[in-house]
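**Student:** One structure coming up, written as structure tokens, with questions to follow.
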Amino acid sequence: MASARNGVSKDELLPVYERRSQRDGDISGSVTSFASTIGNNAGAAVLAYCLSSISMTLVNKYVVSGASWNLSFLYLAMQSFIGTVAILACKKTGLIQNLALFDLKKAQTWLPISLLLVGMIYTGNKALQFLSVPVYTIFKNLTIIVIAYGEVLMVGGGVKPLALLSFGLMVLSSVVAAWADVRNATTATVGASSDSTAAALSALNAGYAWMGTNVIFSASYALGMRRVIKKTNFDNWDVMFYNNLLSIPILLLASVLAEDWSSENLQRNFPAESRQSLFIGILYSGLAAVFISYCTAWCVRATSSTTYAMVGALNKLPLAVAGIVFFAAPVTFGSVSAIVLGFISGLVYARAKSTGA
């Protein structure tokens, strides 16, 4: 009573360590509450997924766009190593709690999937090396068609009319994108030597060849993973861990056998004026691969698989625009039309997935 009359609260009479413990508990509770709120926020999940996937593509394009770049296997090995270390660090700190111990038998079962993944990411980076981000994004839609018909062959069933319409739009957008690309290449070299035009068209043809190969690898990876994942009973983090870990020796061996590690070639690939930014990009891409996996699961958990499919479709437009902004991709009637068609095809496909039509 005397202390209350003197203006001293009950809390002030507690020992200092008890008051500090109470404050720490309040702060911890606030942080936990905030994390829980963000974790269940659909808008935050969608934004995180979009930003991570867009930034990953842009960073990959930046790294492989050097005039003398020819170390894609080494780049991907570094990316996988960073991803593996990041996953193990997250497990050590308790951020990942359901990652099982390494299992050699499961690793042997998963190895063919990792080989397909290596093919997918390598051909994807090679396609990005020769094609603009918008064109790459549009052609990536073709993977959906191959996966759909692959599932029909593997498990039976058929493709519904609305899905067929979306596939037709995807093919049309790819044809328009290729036409616009070739037209721009020939227009840009008007007045130049025929060798310049031939070189520009040759680069585009190489890009389309790599893109076609990437579509096959991407579809094979997706279809194969769905079958093998049932045998191994992997969750998302197990898939990420084994993919990154098993890819490292494969990519390093491919780099040693197929790429030039001489000091002169390393200097050409990592010139002094851009070396720091390239290494930052490589570090970011390795971490972003892990973050995208988390954001994908977060987006599906906080929204629904239907919303996730819709977000994936809508994400094509800002990615294409970002490619135009950051890499000065040509803006023509043909390129814009292809982007719009690709965007609409994604929306139609998302609708087909959600309605089963």
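The first residue you see is number 1, and the count goes up from there.
Every residue, even glycine, has its Cβ placed from backbone N, Cα and C.
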**Student:** According to TrEMBL, transmembrane segment applies to one of these ranges: 32-55, 200-223. Which one is it?
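**Tutor:** The listed stretch tagged transmembrane segment in TrEMBL is 200-223.
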**Student:** In TrEMBL, one of 131-150, 311-330 is tagged transmembrane segment. Which stretch would that be?
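**Tutor:** Spelled out, TrEMBL records transmembrane segment over residues 131-150, not the other listed ranges.
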**Student:** Which residues, given as numbers and ranges, are at least 6 beyond the ends of the transmembrane segment (162-180) yet have a Cβ under 8 Å from it?
**Tutor:** 134-135, 138-139, 141-142, 144-145, 148, 208, 332-335, 337-339, 341-342, 344-346, 348-349, 351-353, 355, 357
**Student:** Between the stretches 69-89, 131-150, 200-223, 239-258, 278-300, which one has more Cβ pairs under 8 Å with the transmembrane segment (109-125) than any other?
**Tutor:** 200-223
**Student:** Of the stretches 131-150, 200-223, 278-300, which racks up the most C-beta pairs under 8 Å with the transmembrane segment (239-258)?
**Tutor:** 278-300
